[in-house]
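Visitor: Okay, here's the structure, questions in a sec.
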Amino acid sequence: MEIQLVGITVLWLFLYGYLIVASIDFGAGFFAYYGKLTKQDHLINHLISRYLSPVWEVTNVFFVFFFVGLVGFFPDTAYYYGTALLIPGSIALVLLTIRGSFYAFSNYGSKENKVYLFLYGASGLLIPASLSTVLTISEGGFIEKRGDEIIFLADRLLTSPYSWSVVFLAIVSVLFISAAFLTYYADRADDKAALEIVRKFALFWSSPTIIASLLVFITLYKHNVAHFEKMLNYWWMFGFSLICFLAASALIYFRKHYGTAFIFVMLQFFFAFFGYGASHLPYILDPYVTIYTAYTNETMGLTLVVVFIAGLFLLIPSLILLLKLFLFDADYVKGKK
Amino acid sequence: MELDNVILARLLTTTTLAFHIIFATIGVGVPVMISIAEYIGIKRKDPHYLLLARRWTRGFVVTVAVGVVTGTCIGLQLSLLWPSFMKIAGQVISLPLFMETFAFFFEAIFLGIYLYTWDRFKKPLYHWLLSIPVIIGSSASAFFITTVNAFMNTPQGFQLENGVITAIDPIQAMFNPATPSKVFHVLTSAYLASAFILGMIAAFQLLRGRTDEYYRKALKLTMVCGFVFAFLTAVAGDISAKFLAKHQPEKLAAGEWHFETEKGADLLLYGILDENNEVKYAIRLPNMLSFLSFNDFNAEVIGLNEFPEDERPPVWIHYMFDIMVTIGIYTVIVSFLYLIFDKIKGFNPHSKWLLWSIVLGGPLSLIAIEVGWIFAEVGRQPWILRGYMKVAEGATTADNVGLMFLIFIVLYIVLAVVCSTVLIKMFKNKPAEVELEYRFNQ
């Protein structure tokens, strides 16, 4: 495997990791706010904060890791995306900042502040929406190079049906992933009342993810037909994704094996995400940046891969420890510790 | 001054960093203090120190959150505001940037564990052990990110020919001449500032009439640590000056208003520069600059006039330098006085004026961090990559930087206000005496 391919695969893996853990976090924020509005907060919010409190900081790191790695491996992306995405990037940053800090403010500081909870819940939906537009932009057609200038065509992005279907997909996916996880967590916590509520959320948001995916397929055909055709080469990946979705939904519906159900949800998104990513190659930004043209030099590339592998030896045991203490420790989950 | 993209990009970067640096400093230093307090508490079986560790941790988490999000901001803003710089420098220096995220990751994981496992281990020492990876993670973050800054000051580990970078050596780039002194200085000053901020809180409570043993122990611990760190910071400062004299003489010369190259150069303290570039009202210490630079009263120190006019840093950084050094010495004296008064019978370490001096040390040490950083950054001007790339060549060409600048200013003001309110509320509603009672004397 070429080193460029190794690099982008690793980065894509981290983005996938972010997609899962951040979705749980973003969705949970929304559900917590929704719970407050519908006066169900006494049932679910305790469960949500029990899971989120020890891991929220880790979520953010996945994202930082992805973009720092991307710029390290493919410095040209900094130049193109950096120039073009000043405004949307800054808005996403403001949202992330508000979300992260207000989470801490409400969680560790004064309890029960409605404004904090609203900011936290609303940003949970706006962030995935704004971040997902970067994937849309990568399809090409929204950034133009005129001479030495990089120009971002914001109006075209805002009027593109493809762009909006991606936003729609991002939001419903967040809610579905999060609800599926919370169902599993509530079940482990043996919290019947919470389980009923979050299970309903999961079932409610399940089919929209498929509808949204179909919309994305259709609009992509209009927007970038070459990519659409490449995606067809990976039809089996998307097939697997659909099968996993059906398995997950069935398990949740029949109230069985919520843990396995959540793994199926993760696989559903794994196959879809990697099917999309693989067919997107070699482009990072169609048509200006490919993983080959943007690649850093050989020395740095190799060094980064070595460091990355060394780093994994440090991170994986630590992550396992974290999960063991807070996710797989039944007593903690049940609130006994 | 025209507000072009370069100025605006610099303003936005400055704002983000100036705000982030406060939380970054606390993030690096406070875990060390927490760890020391918990260790003493476990060893002496003293609930006061254990409570100290717990309460510091609770406040610390809130500041960490702000540190994390503003750190994310600056991380992305590097690419958003300085795309051309990142494109070139990224080829050589992305290694430590990448490793910084690893360190951050490591710290985040263990901080999460540390926060929620106070009572989960049979042996309290196991919980204390969890603070070690947090310290390693946060200090390593500081180390890696400082190597990047060092690289901007003394870039090496590559060759640049006709805009093409060759012969890249990431390790050499990381361990450039500026790295040792900068890392040493950044770490010690972060520890110092954190000790003084925590000391400020304890001193303030004592001034408000709180009499519990808890506050006196907190004050003593922070002042002992503060003294050690203040001393180390002074050593680091001296090493930094010697580094500058050798590798980046224009920064030292601008900071010291040393214009002509000469042997036996004088050290100037304070003073102002009038319109004819004449120094007025300064305290002149004969031959001291030579001594500080090379440990030799007659050594030759290069003056600012040796450099082409468009490659000289602005000379107002002298004021920054003075403020930094003054505050540094202030922290040494105050913590030393406290130690003396505490040791010698008949002196009162809790006299009003001394407590107020310690309280003042908190904000002052943060000011020292800020001005020291301004001195380091502005002293590098006009370069973004000294000798290779000027700041003006690195800035973004995108529109609306000014608007983004305003948005972020508002964001940081809101964060600062809410963060302070939350912190004050957190502890006001739950004084230490009360918590001590219900936690340890059940």
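Cβ atoms are placed via backbone N, Cα and C, with glycine included.
Small disclaimer: the values here were computed from a predicted structure and weren't measured.
In case it's useful when we look at the structure, here is the feature table from TrEMBL:
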| type | residues | note |
| --- | --- | --- |
| TRANSMEM | A:12-34 | transmembrane segment |
| TRANSMEM | A:55-74 | transmembrane segment |
| TRANSMEM | A:80-105 | transmembrane segment |
| TRANSMEM | A:117-137 | transmembrane segment |
| TRANSMEM | A:162-185 | transmembrane segment |
| TRANSMEM | A:197-221 | transmembrane segment |
| TRANSMEM | A:233-254 | transmembrane segment |
| TRANSMEM | A:261-285 | transmembrane segment |
| TRANSMEM | A:305-327 | transmembrane segment |
Visitor: Looking only at residues six or more beyond either end of the transmembrane segment (A:197-221), which have a C-beta under 8 A from one in the stretch?
Guide: 31, 35, 40, 43-44, 47, 139, 160-162, 165-166, 168-169, 172-173, 175-176, 179-180, 182-183, 186, 227-228, 231, 242, 245, 248-249, 252-253, 255, 268, 272
Visitor: At a C-beta cut-off of under 8 Å, are there same-chain residues at least 6 beyond the transmembrane segment (A:12-34) that contact it? List them, or none.
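Guide: Sequence-remote neighbours of the transmembrane segment (A:12-34) are 41, 44-45, 48-49, 51-52, 55-56, 58-59, 62-63, 65-66, 69, 99, 103, 117-118, 120-125, 127-128, 173-179, 181-182, 198, 201, 266, 269-270, 273-274, 277.
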Visitor: Please give the sequence-distant neighbours of the transmembrane segment (A:305-327): residues at least 6 beyond its ends with Cβ less than 8 Å from one of its Cβ atoms.
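Guide: Distant contacts of the transmembrane segment (A:305-327): 3, 6-7, 10, 51, 54-55, 58, 69, 185, 333.
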